[in-house]
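Beneath this line is the structure, given in structure tokens, with notes to follow.
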Amino acid sequence: MPPPSVSPGDSTMPVQRVKSVGNTQALTSQVGIIRLLELLFACVTFSLVVHRGGWDGRNGDWCMFCWCFCFAVTLLVLVVEFAGLQHRIPVSWRNFPITFAMYASLMCLSASVIYPVTYIQNSGVRGQVKDYHIAATVFSCLTCLAYMAEVTLTRAKPGEVTGYMATTPGLLKVVETFVACIIFVFISDPVSYDRQEALKWCLAVYCICFILSLVVIVLCIGECTGWLPCAFNKFLSGYTLLAVLMYATATIIWPIYKFDRKQGGQPNRPSYCQNQSFCDWDKLVAIAVLTAINLLVYLADLVYSARLIFIQA
């Protein structure tokens, strides 16, 4: 093909248009900008901790894992959406990003509480190191707020056709599993359920409800809800009602066997806890409180599931 002709008196040269590669809207939309802020805040947080803050011990390891994991997965989400690879990923893209954002907000929230309690309140450090601790805590809180903003923007609106995990019951499933994981940590260190059969029932409640909630999340992300032998909405209603009843029993049983002297419990904070900010007895109280919280979450889940009109596209 001959090149385009240009008249001697015409100084205009042919312009070659270059197509942009990638979906720039993934970076310039509201959600895209928030995800960029998540990357920035998380990166600044763990950079401050690595530089001078320090993160020794299990609490520090958990905080560092939260920030690094959230940064890595958020970067992966941005790359996938920028490259337009959503349909090539073997997960439901209507469910995965908001599920991760909800988990990330809870993980960063826990890190924003654990890090300052461990490394500011109880470490006794002074000077520049403490300033780095405070700065890391501030950016961790900003990271948490950014993920919460993403959840708010991407959650299902009334009448909108979307994935189940973007609805209120779907987000409550994430809270249920996260709270159960915290209970597992407290109940196993030290082991506090092996003396009475009633306490073993409480552990069974936590495990069964956690597994069922996790199965629902996995089925939604993998778009495998059709594998169930019954209708998905009937399965949700039945399992949520069962979870409410089971958690109601655990909410009553755990305080009785741990804080009632007639059942061998300890109603008051022991003297050996005076020099500890969070002792074994405090963990028992935390389990009781978290059990009650998860009961309320499951109850809200049951109410919303009964009212939800879910349209599967």
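Including glycine, each Cβ sits where the backbone N, Cα and C put it.
Feature annotations, courtesy of TrEMBL:
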DOMAIN    26-159  domain 'MARVEL'
DOMAIN    164-310  domain 'MARVEL'
TRANSMEM  32-50  transmembrane segment
TRANSMEM  62-80  transmembrane segment
TRANSMEM  100-120  transmembrane segment
TRANSMEM  132-150  transmembrane segment
TRANSMEM  170-191  transmembrane segment
TRANSMEM  203-229  transmembrane segment
TRANSMEM  235-257  transmembrane segment
TRANSMEM  284-304  transmembrane segment
Interface present between the transmembrane segment (203-229) and the transmembrane segment (62-80) (three or more C-beta pairs under 8 A): no
Intrachain neighbours beyond the transmembrane segment (100-120), with Cβ under 8 angstroms and 6 or more residues off its ends: 38, 42, 49, 53-55, 57, 59-60, 62-63, 66-67, 69-70, 73-74, 77, 130, 133-134, 136-137, 140-141, 143-144, 147-148, 150-151, 154, 171, 174-175, 178, 182, 277
